[in-house]
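Colleague: These came from TrEMBL, pasted as-is:
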- S8, H66, G142, F143, G144, G145, D179, G180, G181, G201, S202: substrate binding site (BINDING)
- H33, D35, H66, D179: divalent metal cation binding site (BINDING)
- D35: active site, proton acceptor (ACT_SITE)
- D179: active site, proton donor (ACT_SITE)
Amino acid sequence: MSIRIAPSLLSADFARLGDEVRNVIAAGADLIHFDVMDNHYVPNLTVGPLVCQAIKPHATVPIDVHLMVKPVDALVPMFAQAGADIISFHPEASEHVDRTIQLIRSLGVKAGPVLNPATPLAVLDHVIDQLDLVLLMTVNPGFGGQSFIQGMLPKIARARALVDAAMQRTGRTIWLEVDGGVKRDNARAIAEAGADTLVAGSAVFTGARDVAAYQGAISAIRSEALHGAARAALEPA
Ligand SMILES: O=C(CO)[C@@H](O)[C@H](O)COP(=O)(O)O
Ligand SMILES: [Fe+2]
């Protein structure tokens, strides 16, 4: 299994976003994770489509937009237009989850729901076959730099089984992404539980804040995660 690392720009230097995007890609980022917070669905307030559009020319990897906004649908076309390659949203913030998924996909953008720590996996029941990804929050959404909630590991494993079954049924690829508190010292357990895409903000945008620092952080997380994925592949299903 391959592992994707998605640095979250929430911990980047917002005064130098273009440089930060280029540097983190030069350091090995597979995706750019772009956290949108509206001070309504979550307490924090971050950035909108204009900033997504501004970083797009610097982003030679897909932009992974995580919408923490309510309502969702009106913003979807704006982010698609601004260059989002992936849009994820919280089911609690959408009146019609199936409609939101269809809207995102109709714009040629990959779609998936984001499950908060207390959101049951049952929200996937009737939509999983249409998804491009499932994003599991391992902190409560709204801020970077929080601690990983250890009790989420069994939830990741249960989600892995659901995603594998859906991929087998449909022949589609569905990513299982984890977001919140991902560090070098828990990446192995997270990947062993079944995540294939790891968002990391404060663990990547650190140190001297240059390509070398980002490269060190990304490769350490990736190497731990690859060990975890290899161990999972050896375990009986
Ligand atoms: O969506 C969110 C927070 O709501 C995340 O994407 C964070 O930005 C990740 O930051 P770290 O926990 O890795 O510092
Ligand atoms: Fe996020």
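Including glycine, each Cβ sits where the backbone N, Cα and C put it.
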Colleague: Which one is it, among the binding-site residues S8, D179, S202, that lies nearest to D35 (divalent metal cation binding site) by Cα separation?
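Modeller: The smallest Cα gap between D35 (divalent metal cation binding site) and any of the binding-site residues is with S8.
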Colleague: Between H33 (divalent metal cation binding site) and G181 (substrate binding site), what is the CA-CA distance rounded to a whole number of Å?
Modeller: 14
Colleague: Under 8 Å Cβ to Cβ from G142 (substrate binding site), same chain, six or more residues apart: give me those in sequence order, or none if nothing qualifies.
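Modeller: Set apart from G142 (substrate binding site) by at least 6 residues yet with Cβ under 8 Å, we have M37, V42, P43, N44, M68.
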Colleague: Applying the rule Cβ within 8 Å of the centroid of the Cβ atoms of H33, D35, H66, D179, what extra residues of the same chain belong around the divalent metal cation site?
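Modeller: Counting only non-site residues, the set is A6, S8, L10, F34, D64, S88, L135, V199, G201.
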Colleague: Between H66 (divalent metal cation binding site) and G144 (substrate binding site), how far is it from one CA atom to the other, in Å?
Modeller: 13
Colleague: With respect to ligand 2, which members of the binding-site residues D35, H66, G144, D179, G181 satisfy a Cβ distance under 6 angstroms to one of its atoms?
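Modeller: The binding-site residues passing the 6 Å Cβ test are D35, H66, D179.
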Colleague: Mind giving me a neighbour count for G181 (substrate binding site)? Other Cβ atoms within 10 Å of its Cβ, every protein chain shown.
Modeller: 23
Colleague: Using Cβ-Cβ distances, find the residues under 8 Å from G144 (substrate binding site) that belong to the same chain and are at least 6 apart in sequence, listing them in sequence order.
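Modeller: Looking at Cβ-Cβ distances below 8 Å from G144 (substrate binding site), excluding near sequence neighbours, one finds S8, L10, S11, D35, G201, S202.
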Colleague: Over all shown protein chains, what is the count of other CB atoms within 10 A of the CB belonging to S202 (substrate binding site)?
Modeller: 17
